[in-house]
Amino acid sequence: MKTDNSTFLAQQIVRLRRRDQIRRLMQRDKTPLAILFMAAVVGTLTGLVGVAFEKAVSWVQNMRIGALVQVADHAFLLWPLAFILSALLAMVGYFLVRKFAPEAGGSGIPEIEGALEELRPVRWWRVLPVKFIGGMGTLGAGMVLGREGPTVQIGGNLGRMVLDVFRMRSAEARHTLLATGAAAGLSAAFNAPLAGILFIIEEMRPQFRYNLISIKAVFTGVIMSSIVFRIFNGEAPIIEVGKLSDAPVNTLWLYLILGIIFGCVGPVFNSLVLRTQDMFQRFHGGEIKKWVLMGGAIGGLCGILGLIEPEAAGGGFNLIPIAAAGNFSVGLLLFIFITRVVTTLLCFSSGAPGGIFAPMLALGTLLGTAFGMAAAVLFPQYHLEAGTFAIAGMGALMAASVRAPLTGIVLVLEMTDNYQLILPMIITCLGATLLAQFLGGKPLYSTILARTLAKQDAEQAAKNQNAPAGENT
């Protein structure tokens, strides 16, 4: 009996020693091994949650569409039901954001940028459930939003959660795991690991602290999230447009013209986003009831729009291959483009939990395809393929709006598996970025972050002014 007790005690002592060794390793924040191990954990978690989010959104969409199919033969039921279902789903998202986690509204990417500079708080315990469930509601309603913004914010918050769980206290670990989660989130959303890395390095370059450990951690997290994504979804590109022909050298000037067009469109689009945000803010004034009802009305309209013109609703991933294949006329492409600009502004600027990457990619595809089809008529001697201009346009609007040309180029090439178009992509995206900068356009996410910080400072100043005199001394 004594032998059994001594054996049990010895086993317990060994377990406790192992736990203590692991705990001490994790608390040595500057140990590269500890941070890289945590980066792998963050990347794996982000990949799993990203896949779960994608499946959950698809499930909600299928349930909604299935309910509409059941009454498809009864128009007097179909139209009201389409409005009501989408309105209710959207209202869930708006309510959760406004009531429990206002920082979960919109794409969430500016929040991560602010957190990397220690200017915005990361409250993962409330952002994670609100962003996940709220995103299920708004994206499931058929609103013109993407899932990449939510997965980037979810990934960043998972990074902070892991940091808190393992009690890693250094500023370097806090910064590195937050950036790792954000990069892994973009990779998990688009199956684009290299774009996830470039997004952190390029788009978040003012906030990201370059050093050997942080770069290795970002690489590690992105690798793990990509592996998880491919285990569940396979290795095929998420946008199937087929293998397009190369762009002959004598046609490259046309891609520069396309870049110039997007260089003009990008700043205008950004300005419209900000103006629409101001319009919604004046309308609801922060009042939750008005905000939720407004969101329900927008969601319901998207539900109706999905019946009238399915291509004008939703994130746009289903629209991109159809448009790139040249199945629409130039006039119809421009009509859908204008319609989706309006719906993108309404959905994104209203503060719904959802991203703007996917809608921008769809807009770029529409305008790029229209340009390619028109160029094919004007220059028949070139034997142009409109799909190549669609691919170039996908990255160009993002480059002009977000001011991240490298990320736009690599993201589109990874998503479509058309790496042979890298030269026209570079020409188009570089032209769009340079002209947008020349015209005075500001990067969209940086501008949104600046407005958020200004609002935060104003609220803090008002709070300090209203506080009793004794509290300020």
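Yeah, the Cβs are placed from backbone N, Cα and C, and that goes for glycine too.
Swiss-Prot lists 109-116 (among others) with the feature intramembrane segment.
Annotated intramembrane segment per Swiss-Prot: 177-189 (among others), in sequence order, evidence recorded as sequence analysis.
Sequence-distant contacts of the intramembrane segment (193-201) (same chain, six or more residues past either end, CB-CB distance under 8 Å): 179, 182-187, 208, 210, 218-219, 222-223, 225-226, 404, 406-407, 410-411, 414. What Swiss-Prot records for 193-201 (among others) is intramembrane segment.
Marked as intramembrane segment by Swiss-Prot on the basis of sequence analysis: 387-401 (among others).
The annotation intramembrane segment is assigned in Swiss-Prot to 405-416 (among others) on the grounds of sequence analysis.
Under the heading intramembrane segment, Swiss-Prot lists 417-421 (among others).
Helix, strand and coil counts from DSSP across the motif 'Selectivity filter part_1' (106-110) read 2 helix, 0 strand, 3 coil. Marked as motif 'Selectivity filter part_1' by Swiss-Prot: 106-110.
Residues or ranges marked as topological domain 'Cytoplasmic' in Swiss-Prot (evidence: sequence analysis): 1-32 (among others). Across the topological domain 'Cytoplasmic' (1-32), the model assigns an average pLDDT of 61.
Packing against the topological domain 'Cytoplasmic' (117-123) from elsewhere in the chain are residues 101, 103, 111, 156-157, 160, 178, 206-207, 449, 452-453, 456: each is 6 or more residues past its ends and has a CB under 8 Å from a CB in it. The topological domain 'Cytoplasmic' annotation in Swiss-Prot covers 117-123 (among others) and is backed by sequence analysis.
Here Swiss-Prot flags 167-176 (among others) as topological domain 'Cytoplasmic'.
The topological domain 'Cytoplasmic' annotation in Swiss-Prot covers 202-214 (among others) and is backed by sequence analysis.
Remote same-chain partners of the topological domain 'Cytoplasmic' (282-287), defined as residues 6 or more beyond its termini with a Cβ less than 8 Å from a stretch Cβ, comprise 294. If you look up Swiss-Prot, you'll see 282-287 (among others) marked as topological domain 'Cytoplasmic', on the strength of sequence analysis.
Residues or ranges marked as topological domain 'Cytoplasmic' in Swiss-Prot: 439-473 (among others).
The transmembrane segment annotation in Swiss-Prot covers 33-69 (among others).
The transmembrane segment annotation in Swiss-Prot covers 77-100 (among others), and the record cites sequence analysis as its basis.
Under 8 Å from some Cβ of the transmembrane segment (124-141) lie the Cβ atoms of residues 49, 53, 56-57, 59-61, 63-64, 85-87, 89-94, 96-97, 100-101, 103-104, 108, 147, 150, 153-154, 157-158, 160-161, 164, 295, 299, 302-303, 315, 347, 352-354, all in the same chain and six or more residues away from its ends. The feature transmembrane segment is assigned by Swiss-Prot to 124-141 (among others), with sequence analysis given as support.
Below 8 A, the CB atoms of the transmembrane segment (355-376) and the transmembrane segment (253-281) form 3+ pairs separated by six or more positions in the chain.
In terms of C-beta pairs under 8 Å, the stretch of 109-116, 387-401, 405-416, 417-421 lying closest in packing to the intramembrane segment (177-189) is 109-116. Sequence-distant contacts of the transmembrane segment (148-166) (same chain, six or more residues past either end, CB-CB distance under 8 Å): 26-27, 38, 41-42, 45-46, 49-50, 53, 104, 106-109, 111-112, 115, 122, 124-125, 127-128, 131-132, 135, 173-174, 177-186, 188-190, 221, 225, 353-358.
Most Cβ pairs under 8 Å with the transmembrane segment (77-100) belong to 288-309, among the candidate stretches 33-69, 253-281, 288-309, 330-349, 422-438. Comparison of 215-232, 253-281, 330-349, 422-438 by number of C-beta pairs under 8 angstroms to the transmembrane segment (288-309) places 330-349 first.
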